[in-house]
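Per TrEMBL, the features are as follows:
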REPEAT    115-149  repeat 'PPR'
REPEAT    150-184  repeat 'PPR'
REPEAT    185-219  repeat 'PPR'
REPEAT    255-289  repeat 'PPR'
REPEAT    290-324  repeat 'PPR'
REPEAT    395-425  repeat 'PPR'
REPEAT    429-463  repeat 'PPR'
REPEAT    464-498  repeat 'PPR'
REPEAT    499-533  repeat 'PPR'
REPEAT    534-568  repeat 'PPR'
REPEAT    569-603  repeat 'PPR'
REPEAT    604-638  repeat 'PPR'
Amino acid sequence: MMMKMPWRRKSRSFHLQLQGAIGTLQSPFLFLFTNYCHSSTSTLEDARFLTNNFKSASFTRLHVAIASSNHVIHMNPLPSRVHFNRFLSALVKMKQYHTVLSMSKTIELLGISHDVYSLSILINCFCHLHLVDFGFSVFGKMLKFGLEPTTVTFTTLINGLCIESKIDKAVEFFDDMVARGYQPNVYTYNVIVNGLCKFGKTNVAIGLLKGMADRGCEPDVVTYSAIVDALCKDDLVGEALELFSQMRNKGISPNVITYTGLIHGVCKLGQKNQALALMNEMVEQNVLPNVYTFNVLIDALCKDGMVSEAQNTFNVMIQRGVEPDVITYTSLIDGLCISDQLKEALALLKEMVGRNISPDVFTFNILIDTLCKKGVVSIAQNIIKIMIQRGVEPDVVTYNSLMDGYCLCKQTDKARKLFDLMVTNEIADIFSYNILINGYCKCKMIDDAKELFDEMFHKGLVPNAVTYSTLIKGMFQAGRPQNAKELFKDMCFHGQQPNIVTFSIMIDGLCRQGDLDEALTLLKAMEKSQLKPNLVIYSSLINGMCKVGKINDAKELFSSLFEIGLQPDVYVYSAIMKGLCQQGLMDEAYKVFKDMEKVGCLPNNCCYNIIIQGFLKHEYLPKASELINEMVDKGFSADDTTTELVVHLSQNNDLILSKLRNRSEASKAVQ
């Protein structure tokens, strides 16, 4: 049983539909028909004109084409349909789809009958104008006239359905075409494969690719490229590379789309060296990378911190005559900002403007955000002025960055003024509130932060995990643990799922308050929510256990980390060492200290000070002296507590004291 297709459901006449599609379009040719006269012209002159102009129909300007048609429709006799079809094809190449529809109507009124080719041209125009249903009406007319559609006709309609995102209907019509005995060509396959890939049906596209050879149609570079690119976008890079090898084994040379898709895919997997190798191979195969290829690679290298490699790629791009665009420069500026090369980033902005490439809001926002995070708010303000002068409108991200800069510089009054302006202009978002709440908390203006938090509800904004976590931390730091607990309950009550950061803040806050039991209860709740505790949480718990004198529990928890496959970091080691030292278990503390290096976790300045202070407090002076020498030799310095203990207990050892003081002064000079 034949499938029901869209064109079978049409009942209105072709002429009515054509009129509806064209609407009130003014035909540049209709007046020619109205004033048409049967005056005779030179037959020889007409023949020359058809040969030199109309037959080839190689027009590049619409007014020339119209002038030529004006001459042709006054010929007596009129040219054949073939000549008119060539002319319509030329207009299609010029993308003058409305003009083609209008002229086709005029030609029909002149009494020149349609053929398959002319109707296929009409279908193509309707499809490009996103009027595929009218295309199917023309298709119905073709069948009614007893004209046999060609593969091109079917392919055009399939393409029209794909253009209008009707991919399921496109596949259905493709199957109908095959069922009617038509042989799809490689272009037909490419159209349907490209449509399937575009709409995430890559597996169906691969199925069609495998069946092409069985139907006597070999895939070409376009077929493979579409699927390779789609697989890479779906992060199926392994399958894409297999298809890439298959393609080359068949002697099909990859094109720029194939290589670019693969480069994009391997970059997403973090395989930058493979991406560079593909770029080199591409150049060796004389496949010229385009600006998009370079942009993909440059952006990936910059995001991975490989800025020098990105700059080298940029230089190659310039050498090969590929003009960089705003995306190229924005990626490089972002990379330079990430790698703390702000001066070079600003120089690149200047170079960009010098090349007449206008920075967009993303380019400016990257620089403004970096400047604000560096605390250079005055320069950020100047960049915003330049931004406005160049006609680029600052957005909420721009203002949020500036507000964050004010908060980092503890200029909360300026941050508040900017925030109020944003609220007045109705552009303040949840990030704006989070930034200012964080700024207030860091400046210990906890009541202002809470007031702003309450205001969010009145504005119809729902606080997120960041909002709650920031305020909870602020409450603990302000010595208001009860308010912090209430906020946590409020968070859960409003259906906001606490994340790892929220749990870390809560457990650390409770442990610092000595509420170890409550902290352990929260740990169990966290595990039930399928969140795995991180080293920050374990460090807080070990500190909390040691604080309340549960050293055995702390030792047991520390040992369990290895059992569950977690490698303690320097903070966890510091926590357990500090607890052991406080309990006078110096042999165990020293063993933990020495074990650090064995597992590749090198002691830092804090670790040395903890173990030295332990030995000094328990008057193990020779060991303390040995470790002080080791600490200083490794470039670390004593903190105030260590120095005071040395002064108090080692007055006879002026050499150690002198060494510590010299190291401390050198460290301050560097800072």
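Backbone N, Cα and C define each Cβ position, glycine as well.
In TrEMBL, annotation is done automatically, which means it is predicted and not curated.
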Where else in the chain does the repeat 'PPR' (534-568) make close Cβ contacts, counting only residues six or more beyond its ends and a cut-off under 8 Å?
500, 503-504, 507-508, 510-512, 514, 516, 519-520, 523, 526, 574-576, 578-580, 582-583, 585, 588, 599, 601
Could you break down the residues of the repeat 'PPR' (569-603) into DSSP helix, strand and coil, giving a count for each?
26 helix, 0 strand, 9 coil
Counting each residue once, how many in the repeat 'PPR' (255-289) are helix, strand and coil under DSSP?
26 helix, 0 strand, 9 coil
The answer for the repeat 'PPR' (569-603), taking Cβ pairs under 8 Å and residues 6+ beyond its ends, is 535-536, 538-539, 542-543, 545-546, 549, 551, 554-555, 558, 561, 610-611, 613-615, 617-618, 620, 623
